[in-house]
Amino acid sequence: WKELSGCQKVTRMECDFSSAITEYYDTHHVRIRAERREEVSPWSSIFEMIPYCIAQIGPPEIELQSTNGVIKIKVSPPEAKMWINPLNFKYNLVIWENSSSAEFRSLSIFPTDIIDDLAPDTTYCLKVQATIPLDLKEGLFSPIHCVKTTHKAVNDLVCATNVSIFALNMKFHLHWNNQYKQHVSYNVQYLMGYLKKLYDDYSMKWLNVPRCENITDTQCNFSSIITATSGFYYLRVQTMSEYNKSCLSDEVKVDPLITNEIGPPDVKLDISDVLLHIQISPPGASESDFMRDYYEFSYRILYWKNSSNNEEEIKMKEIKQTIGTVSDLTPSTLYCVKVQAFSELYNKSSHYSKEECIKTPGDKILPLIILATFITALIAVCLVATTLVFALYQAYSKIKYVFFPSCQPPLNIEHFGGQLFSSPYLPTAEELIENCSIIETIITEEVNQIDFKDYKHSKQSSRDSGNYSNDDDTSGSKVSGERVEKEIV
């Protein structure tokens with residue numbers, strides 16, 4: 001415990017110990033006791049505090065200047081060491097006419113700002129409050145200041161009106177209305193937004209937008225100045241006449257990611273097997289690559305069957321990728337798809353893309369079944385035909401072999417004449433053989449014994465070549481032989 005300088009033996013019921021606070025975010029403990037002469041009271045209960053949390057924002061200081069029908073105001077931040085960064089302050093202005101029937105009007109202003117839309121030659125009173133919105137802290141109002149407005153300088157020029165911004169897929173255009181038929185030209189000017197947060201005068205820091213200087217058109221493409229999506233800008237139109245007179249329009253604020261609108265995505269369809277593939281190109285992909293990164297797009301897909309039945313249900317699915325698939329498709333059916341991009345972070349959504357349609361292929365299962373059935377039947381027919389041909393061939397071979405044998409008997413067998421056997425398996429009935437003999441007349445009387453033997457051998461051979469089954473044949477042969485011998489002799 002340390003004694004607080006300037007808070008010892010004080011008689012008032014308060015004490016300023018700001019000098020003892022050096023750490024504004026740390027917890028501090030404070031206690032007090034009373035003394036009277038030699039008597040000392042016990043310490044009080046301990047008071048616990050964090051300086052930044054219990055501190056209240058004091059009133060700011062303001063400076064006013066009335067000129068050309070407007071009031072210029074300059075605000076100085078509350079003086080306190082614990083408010084480390086004065087740029088965290090936001091200022092609320094309350095202004096009213098100094099009359100009994102005054103209506104209070106609240107405005108949010110910058111440290112250096114202009115209050116317009118005021119009646120000339122009228123006294124206005126105002127006060128300013130500093131706040132820190134991030135910490136939900138509101139300060140005290142400044143003392144009330146009053147000032148009288150002046151008349152506006154006479155100017156034959158009428159400033160550009162209805163200044164508006166059209167932004168799509170990070171392409172920014174400024175539009176305004178022309179009040180003149182005669183020749184006038186325009187300069188479009190911009191100011192970096194952070195300059196208004198400073199406590200310096202920014203009136204001389206406006207810059208001309210490239211390619212929007214001395215133009216006669218009532219629109220300007222200022223996309224070239226949008227280089228950082230984290231900042232914001234202010235734009236205004238300066239009207240200039242032939243006599244070097246100028247007039248400034250009202251300012252418009254541009255916060256790129258908030259002002260910008262999202263266009264519809266591009267969609268391509270493809271069919272593979274039983275799946276419908278949906279390829280999505282993010283909005284503004286060709287103009288700005290960082291749109292996809294900052295907005296963190298999701299996609300809402302609508303798909304349906306394009307048929308004459310108006311009651312076909314439209315189905316929806318949401319994805320975060322740029323490729324989606326749809327299953328359970330009906331063969332030979334036309335499907336249509338459209339896609340919407342949306343960003344939950346910025347609460348923005350695009351229009352739906354134009355419808356893209358594709359037809360699914362026919363059912364492949366039935367042709368496969370038919371083909372498989374045909375092949376199976378063909379194989380079965382081939383097997384049956386092969387078996388039948390083989391059986392017929394075997395039967396034909398047997399019949400041919402039985403009824404039309406290819407073998408022939410020898411030609412020296414009489415009464416067959418080289419004809420084919422009728423059957424090799426049936427016994428042939430014995431045929432009657434006539435007994436016959438060959439009688440030869442021998443003229444030559446001298447025949448030697450050798451010739452006779454040869455003749456005898458030849459005769460014997462002739463008898464052996466036949467089929468002799470009766471004994472009469474043998475006896476007949478003997479008689480014939482004896483006759484021959486006798487004649488020879």
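Quick reminder: no glycine exception, Cβ is built from N, Cα and C everywhere.
Look at TrEMBL and you will find 56-153, 261-363 tagged as domain 'Fibronectin type-III'. Positions annotated as transmembrane segment by TrEMBL: 365-393. Residues annotated as region 'Disordered' in TrEMBL: 456-489. Positions annotated as compositional bias 'Basic and acidic residues' by TrEMBL: 480-489.
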Secondary structure content, the domain 'Fibronectin type-III' (56-153) (per DSSP, counts of residues): 6 helix, 50 strand, 42 coil
PLDDT averaged over the residues of the domain 'Fibronectin type-III' (261-363): 86
Counts by DSSP class (helix H/G/I, strand E/B, coil) across the domain 'Fibronectin type-III' (261-363): 6 helix, 48 strand, 49 coil
